[in-house]
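First comes the structure, then the notes that go with it.
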Amino acid sequence: MYLLPLPAAARVALRRLGVRGLWDRGLSTADMTKGLVLGIYSKDKDDDVPQFTSAGENFNKLVSGRLREMLNISGPPLKAGKTRTFYGLHQDFPSVVVVGLGKRSAGVDDQENWHEGKENIRAAVAAGCRQVQDLELPSVEVDPCGDAQAAAEGAVLGLYEYDDLKQKKKVAVSAKLHGSGDLEAWEKGVLFASGQNLARQLMESPANEMTPTRFAEVIEKNLKSASSKTEVHIRTKSWIEEQEMGSFLSVAKGSEEPPVFLEIHYTGSPNATEAPLVFVGKGITFDSGGISIKASANMDLMRADMGGAATICSAIVSAAKLNLPINIIGLAPLCENMPSGKANKPGDVVRARNGKTIQVDNTDAEGRLILADALCYAHTFNPKVIINAATLTGAMDVALGSGATGVFTNSSWLWNKLFEASVETGDRVWRMPLFEHYTRQVIDCQLADVNNLGKYRSAGACTAAAFLREFVTHTKWAHLDIAGVMTNKDEIPYLRKGMSGRPTRTLIEFLLRFSKDSS
């Protein structure tokens, strides 16, 4: 028995009743637990018909050509990212979802700055796995589609949804590789995607749950389970005071939640004293704006203002799982930015760890204040590279939207490494200027050495980067402003609506490539 794709009304009924109800006459309950996702390419000029992937062609032969037959009579050829579901073709797979992969020849697109073929696979596999999830099947086998890592990323990222606090949850679907393809690449893709999903979970969690202390505990648990080559230091307020991090403390003092300075070490190099890479992440677990309070509309999204800390810590957890032969240190100043009688006031002057004084003209420009001290501290490790990530400015969202992470760097070498990694992952970056033009706007300050706002309203992302540069002496430093990529509405088809966890996979890929270059 085999069935055509169901019309909309029938699909609704199917989801209400459960797919098992269709099979009382044929398959046992044990057979009802597995779906299959297979790929098909768009027709090239030399093709008579659209071509299946290798796995798709093998399955079509297994069912005596019926999959091709059903595709031919069920509608027009599948476009990239579109799906079509068939039922009853094979007893091992009650539901088979065919997904459109676009052109087989798709590769690196120099205009889009990504690998189009890999992106097509991620989007198509995600769509197919969600179809299986909607049918309430607990497992799915996935065609590697010519790139098992991209397929795994599409499956794991596409199936993830934050429902930790809901009583009614979606069916948890276990995805595994179909056939005897490249299992190593598949597992690598699962690892990359799981790293991004950890960042998504941290960013999506409500601020009353994901406090600075709780954030540090979650990372400690994940890091210690990832590798024995790790250390976690959860620094308290007294340590922060000893380090004379006055800029960080000035933000934290407005909240009842105690601040935490999270310091994580992964020592993967055979030489434990080898200079590390240092990642720094902004960790504002809720940003009300402080005395310069934000508008209430969408303020709830500011639970994810610790996205920088979430992405850099998740990337280091993933690097530890990969057992990369390098040393990495992660630093995350964690606190809330709240209004109170103790909070920073516009016009206050605070002193950073390096002795520079800062005039705080807007308390909602707090991310740069906590990063200033963390960047100063990063230099004490004599690192090879310093990279910080932060949901820093609304101006970056205005400039690039969700299309790419903005990168400000004083090193073309470092820019090229980040860019190459982003092309591979599809989570893109775009270089932004670090001109002295912007530096002059933040050092033109009435009361202190530097102002936490630019002199003018224009180029807010650039003046924020210029501010951070005042606390950096290292010649290989990059600032990633991830404000524009913090959330996903519908722009990235393999991510559901919500917090994106970007650019975690690009950071993991950067670390992987750096480790290969070092060895």
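The backbone N, Cα and C atoms fix where each Cβ goes, and this holds for glycine too.
Ser42 (phosphoserine) falls outside any helix or strand according to DSSP and counts as coil. Long-range neighbours of Ser42 (phosphoserine) (same chain, six or more residues apart, CB within less than 8 Å of its CB): Pro50, Pro77, Leu78, Lys79, Ala80, Gly100, Leu101, Gly102, Lys103, Arg104. Sequence annotations record features per position, and here Swiss-Prot assigns phosphoserine to Ser42 (among others).
Residues or ranges marked as N6-succinyllysine by Swiss-Prot on the basis of similarity to another entry: Lys45 (among others). Listed in sequence order, the residues of the same chain lying 6 or more apart from Lys45 (N6-succinyllysine) and placing their CB within less than 8 Å of its CB: none are present.
Neighbour list (Ser180 (phosphoserine), Cβ cut-off 8 Å, at least 6 residues apart, same chain): empty. What Swiss-Prot lists as phosphoserine is Ser180 (among others), and the listing cites similarity to another entry.
DSSP gives Ser194 (phosphoserine) a helix state. The phosphoserine annotation in Swiss-Prot covers Ser194 (among others), and the record cites similarity to another entry as its basis.
The Zn(2+) 3 binding site annotation in Swiss-Prot covers Leu202, Met203, Arg303 and rests on similarity to another entry. Long-range neighbours of Arg303 (Zn(2+) 3 binding site) (same chain, six or more residues apart, CB within less than 8 Å of its CB): Met203, Glu204, Ser205, Pro206, Ala207, Met210, Thr285, Phe286.
Contacts of Lys221 (N6-acetyllysine) defined by a Cβ separation under 8 A and a same-chain sequence distance of 6+ are given as none. Annotation source Swiss-Prot lists N6-acetyllysine at Lys221 (among others), citing similarity to another entry.
Classification of Lys221 (N6-acetyllysine) by DSSP places it within a helix. Annotation comment: Swiss-Prot describes Lys221 (among others) as N6-succinyllysine, evidence class similarity to another entry.
Taken from Swiss-Prot, the feature phosphoserine applies to Ser238 (among others). Sequence-distant neighbours of Ser238 (phosphoserine) (same chain, six or more apart, CB under 8 Å from its CB) are absent.
Under the heading Zn(2+) 2 binding site, Swiss-Prot lists Lys282, Asp287, Asp305, Glu366, citing similarity to another entry as support. Under the three-state DSSP scheme, Lys282 (Zn(2+) 2 binding site) falls in the coil class. Counting every protein chain shown, the number of other Cβ atoms lying within 10 Å of the Cβ of Lys282 (Zn(2+) 2 binding site) is 30.
The feature substrate binding site is assigned by Swiss-Prot to Lys282, Asp287, Ser292, Lys294, Asp305, Asp364. Spatially close to Lys294 (substrate binding site) yet at least six residues away along the chain are Asp287, Ser288, Met302, Asp364, judged by Cβ distances under 8 angstroms.
In three-state terms derived from DSSP, Asp364 (substrate binding site) belongs to neither a helical nor a strand segment and is classed as coil. All protein chains shown were included, and the count of other CB atoms within 10 Å of the CB of Asp364 (substrate binding site) stands at 20. Residues annotated as Mg(2+) binding site in Swiss-Prot: Asp287, Asp364, Glu366.
Annotation source Swiss-Prot lists Zn(2+) 1 binding site at Asp287, Asp364, Glu366, citing similarity to another entry.
Secondary structure from DSSP puts Lys294 (substrate binding site) in coil. Positions annotated as active site by Swiss-Prot, on the basis of similarity to another entry: Lys294 (among others).
For Arg368 (among others), the entry in Swiss-Prot reads active site, with the evidence type similarity to another entry. Taking all protein chains in view, 28 other C-beta atoms sit within 10 angstroms of the C-beta of Arg368 (active site).
Summarising the annotation, Swiss-Prot assigns N6-acetyllysine to Lys455 (among others). Note: Lys455 (N6-acetyllysine) has non-local neighbours Arg440, Gln441, Val442, Asp444, Thr463, i.e. same-chain residues 6+ apart with C-beta under 8 A of its own C-beta.
The N6-succinyllysine feature in Swiss-Prot is assigned to Lys455 (among others).
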Quiz prompt | Cβ contacts of Lys476 (N6-succinyllysine) (under 8 Å, same chain, 6 or more positions away) | solution = Lys384, Val385, Ile386, Asn410, Ser411, Trp413, Leu414
Practice problem: Excluding Leu202, Met203, Arg303, please set out which residues of the same chain place their CB within 8 Å of the center of the CB atoms of the Zn(2+) 3 site, keeping sequence order. | Solution: Ala199, Arg200, Gln201, Glu204, Ser205, Met210, Thr285, Ala304, Met306, Gly307, Ala310, Met499
Practice problem: List the Cα distance (Å, whole number) between Lys489 (N6-succinyllysine) and Asp305 (Zn(2+) 2 binding site). | Solution: 17
